[in-house]
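If you look up TrEMBL, you'll see 1-36 marked as domain 'ABC transmembrane type-1'. The annotation transmembrane segment is assigned in TrEMBL to 21-42. According to TrEMBL, the domain 'ABC transporter' annotation covers 173-304.
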């Protein structure tokens, strides 16, 4: 990263030097030579002659006027060219951002339609029958079964393979039952499937085989809530951070008040932020809150959506 910054620094310095000084300086030299040299013949004449003296003074004033006009035009031209170059760089950056946003919107649309186009890193004969393919694409044959039993919050996985979008098998078959009130800690090295399990539970990854039994979501109350390692902090008010991803209208529709939000902050020891900034102050919270405060804000969201 430091090497990139150093190279960019030298590039910007040279670019600014050429745009501001080289081109305008070269133009000034080219313009000044004919203007300065045009009056040498008059200087050789007898300057004691009143007529010659008047002509010489008039020539000097005209040359000075032309030089000043040319200087202003060159400075304006150099500034205009510099703005064009800067605009080109901004347009290129905007094109890159537009391409990424368009790709993201396309992925969202395909995900909503249940379409998955992924580059597979394995062949069909290497899957050992865990994943079935059709036209070169994996088929998600697993089932999600919602539990309709009241107060039954059990989460059950039955023979579910943990497979990455590239069809890389992390776990060939996972059977797990998490009952209400159970505290479960999943440990293991990098790449063993800890985060992949939560992606399957949240519906981000398809289920290629087996069954997933989860509680049926109730309106305005999700059955599960995920607290990531790095919670997302949006640019907005403190109230927006607590109720995320709900809006103010959703909060009012659920019947929450500012006093209730203040009580939630008190539960996670963040009431000092509300006292300092208030609920309606718009801040860039990802830079204001520390790592521990971001984690507690995620827990506050859990209490709000509970």
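Here the Cβ of each residue, glycine as well, is placed from N, Cα and C on the backbone.
Unlike curated records, TrEMBL annotations are generated automatically.
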Tell me, what is the mean pLDDT of the domain 'ABC transporter' (173-304)? 85
Which numbers of helix, strand and coil residues does DSSP report for the domain 'ABC transporter' (173-304)? 56 helix, 17 strand, 59 coil
When secondary structure is assigned with DSSP, how many helix, strand and coil residues does the domain 'ABC transmembrane type-1' (1-36) contain? 35 helix, 0 strand, 1 coil
